[in-house]
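Features as listed in TrEMBL:
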{"type": "DISULFID", "residues": "CYS1-CYS13", "note": "disulfide bond"}
{"type": "DISULFID", "residues": "CYS63-CYS78", "note": "disulfide bond"}
{"type": "DISULFID", "residues": "CYS83-CYS95", "note": "disulfide bond"}
{"type": "DISULFID", "residues": "CYS90-CYS108", "note": "disulfide bond"}
{"type": "DISULFID", "residues": "CYS102-CYS117", "note": "disulfide bond"}
{"type": "DISULFID", "residues": "CYS120-CYS132", "note": "disulfide bond"}
{"type": "DISULFID", "residues": "CYS127-CYS145", "note": "disulfide bond"}
{"type": "DISULFID", "residues": "CYS225-CYS240", "note": "disulfide bond"}
{"type": "DISULFID", "residues": "CYS259-CYS277", "note": "disulfide bond"}
{"type": "DOMAIN", "residues": "350-365", "note": "domain 'EGF-like'"}
{"type": "REPEAT", "residues": "503-546", "note": "repeat 'LDL-receptor class B'"}
Amino acid sequence: CAASRQAACGAACIPVPWLCDGEQQCPDGTDEQCECCSVPSVCGAKKVQCPGTHHCIPHWELCDRHQDCEDGWDEEGCPQQPCLPGQWQCRNRVCIMAEWKCNGIDDCGDSSDEDVCAPCPPGMVRCDEGKCILESLMCNDEDDCLDGTDEPGTCGELRVAAGHCLSGQVWPHNCLPAHSCQVCSARVDIPSGDLYWLAFLHLSCPRTHVPCRDGSECVAQEYVCDGEKDCADGSDEEGCGQLCNTPGRRAILQYPYPCGLGTCLNASLVCDSRQDCADGSDEGGNCSVPCQRSCAHLCYPSPQGSRCWCDPGYRLAEDGLSCTDIDECTEQGEGACTQTCLNAPGSYSCGCLPGYLLEPDGRVCKLSGPEPMLLVAVQSDVLSYGLRSGREEVLLATDKDRVIFSLDYDLVERKVFWMDLATESIRWQAFDLGKKGTLVKGVRSDCLAVDWLGRNLYWTDGAAGQVLATRLGAAWRGTPEYTVVMDGDLDQPHSLVLQPLAGLLYWSEVGSHPRLMEATMDGSRRRVLLAQGLGWPTALALDLPAWRIFWLDEKLGSVGSARLDGTSVKVLQLRWVRSPFAAVVCEGQLYWSERKAWSVQQVDKASGKNRTVLVKRHGQPHGLQVPSWGSPEPCCTSSAGAPTLHSPAV
């Protein structure tokens with residue numbers, strides 16, 4: 001294991017990213033023993049150890065294009081950096097000296113070195129490098145600023161322990177209580193293969209979440225008292241009993257009566273001559289007075305006098321007599337139906353779009369026809385994964401020195417397109433005939449997307465701040481042939497998704513002011529979809545049957561979604577989201593590639609629950625897509641829009 005820089009796992013070896021990822025790989029479970037707080041004593045906080053040595057380097061010296069470890073470990077597997085250390089890249093790709101920023105002179109030529117000098121929005125602070133980050137990311141023992149200025153020495157030093165701190169013990173002066181730990185990450189001592197765990201402090205939950213009792217994680221408010229244990233310690237389901245009006249609580253009582261201490265009883269237990277409330281508030285008083293109110297549905301006696309209640313699917317109106325229908329489609333949203341929802345008096349029903357069948361649960365829609373396949377780029381290979389059978393197959397294998405980055409699939413000609421980082425080119429291969437070729441060279445792309453209807457391919461260039469496009473039928477003839485669709489005021493565009501039938505494209509920007517954007521496919525009619533509550537939205541996915549867009553936020557560790565008009569925003573903080581690259585929604589599930597854990601994972605798109613690891617290989621996964629093998633219709637993202645397409649003139 002030491003020779004391959006992997007962790008010992010019994011008689012076998014496993015990659016370091018598989019440690020503490022929530023999936024047990026070792027038979028004895030040692031790869032998941034990350035309760036905190038054993039910390040390597042060789043390196044202090046905010047530093048990492050060069051494997052096999054006692055040399056420590058700061059986090060921000062990783063991937064800085066300078067070999068700080070003797071064997072160059074700190075520069076292995078790093079993305080290509082356009083500028084040298086000590087330089088800063090302008091929006092137009094020009095590199096200038098870092099100290100020239102904010103000197104009052106347009107050294108870039110496009111003013112981008114002076115634009116970053118404007119004050120950060122409220123609730124954010126500026127790194128020395130120029131980027132704005134959330135104030136909550138300060139002193140969280142993670143370098144959110146590339147230069148580490150968000151983790152100054154005044155944050156305090158992380159105390160270290162020689163062994164694990166066991167729950168319930170008296171804490172020695174050099175040990176951290178488990179409830180203070182937010183995240184555990186693994187380090188491996190290469191010569192011995194021993195595992196060490198690094199504990200991070202400062203657990204802070206967003207306003208839509210609540211902390212678990214042990215302080216190890218946050219769960220969404222709607223998870224509290226919903227009948228499932230979401231906290232590892234189960235504290236989100238403790239003390240629920242029959243609580244009234246608990247946020248997110250499912251209605252388990254048909255006719256609830258509130259006791260004086262906050263718990264609820266079924267109305268049938270009130271005034272039955274037996275004390276069921278702990279304080280006895282369900283008996284006595286006016287229990288002997290018969291029901292004489294003109295209730296629209298039901299009437300029952302209580303110590304406070306006669307009360308009205310409503311049948312399931314209705315709620316009591318303000319007058320205390322009449323009942324109003326509950327619109328489950330609006331109030332429960334995606335929790336009610338995965339596609340279409342029709343409200344009815346006292347009830348609701350789910351429906352599916354053409355090409356889908358309703359599951360027996362009456363909520364989830366599944367694709368009819370062949371099994372949907374998930375395409376996954378893992379290092380130099382493209383895999384297919386059956387979303388029902390779980391069968392894996394290598395569809396495409398390139399040279400081992402190449403990395404398949406972003407990918408997409410052409411539904412018409414059954415071709416897969418991908419970004420080749422090693423050659424800075426966009427390449428393709430046909431699955432039917434095995435033909436392959438190069439579409440364009442000399443380009444860099446963070447994400448690419450195929451417009452199967454307009455026959456164009458789009459991609460983002462975050463360093464240049466551009467969205468570009470070329471014809472799918474183009475062939476490399478020695479000079480690049482493409483069109484700049486959008487340029488100028490884009491702040492590091494990253495992920496990109498298309499809605500060909502509506503002629504729209506959506507992209508995320510991960511610069512100093514992160515946001516989600518929409519435009520027509522010729523780059524016109526741009527508008528901001530969302531600009532609040534974002535950290536670093538690195539992966540986008542469209543769910544057209546539900547008319548929503550999803551994003552995974554690397555900085556905030558969250559999954560968010562909104563309607564395509566920017567309304568009905570929902571955010572779930574999930575501890576599994578660490579370094580997402582690409583995402584796709586299909587049949588009520590959200591799939592994404594997780595680079596740090598070397599895996600592809602899925603969760604329920606509405607609740608974020610039922611997490612499953614689908615693919616786990618020796619290599620980082622990048623691009624994801626779910627194509628349709630039958631007809632040229634978007635699999636899992638069918639849309640009923642007018643086929644008006646504004647394509648770039650390329």
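Cβ atoms here come from the backbone N, Cα and C positions, even for glycine.
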(message) Just to verify a number: CA distance, CYS13 (disulfide bond) to CYS102 (disulfide bond), in angstrom, no decimals.
(response) 50
(request) Taking the Cβ of CYS1 (disulfide bond) as the centre, count every other Cβ atom within 10 Å, in any protein chain shown. (result) 15
(message) Most Cβ neighbours within 10 Å: which of the disulfide-bonded residues CYS90, CYS225 is it?
(response) CYS90
(request) Could you round the CA separation between CYS117 (disulfide bond) and CYS90 (disulfide bond) to a whole angstrom and send it over? (result) 13
(request) Helix, strand, coil: count each for the residues of the repeat 'LDL-receptor class B' (503-546), based on DSSP. (result) 3 helix, 23 strand, 18 coil
(request) Give the number of CB atoms, excluding that of CYS145 (disulfide bond) itself, located within 10 Å of its CB. (result) 21
(message) Distance check, please: Cα of CYS259 (disulfide bond) against Cα of CYS225 (disulfide bond), rounded to an integer number of angstrom.
(response) 18
(message) Just to be sure I understand the packing, how many Cβ atoms besides its own are within 10 Å of the Cβ of CYS127 (disulfide bond)?
(response) 20
(request) Over the span of the domain 'EGF-like' (350-365), count residues by DSSP class, listing helix, strand and coil in order. (result) 0 helix, 6 strand, 10 coil
(request) Could you state the whole-number distance in Å separating the C-alpha atoms of CYS225 (disulfide bond) and CYS145 (disulfide bond)? (result) 38
(request) Do me a favour and check the Cα-Cα span between CYS132 (disulfide bond) and CYS145 (disulfide bond); whole Å is fine. (result) 9
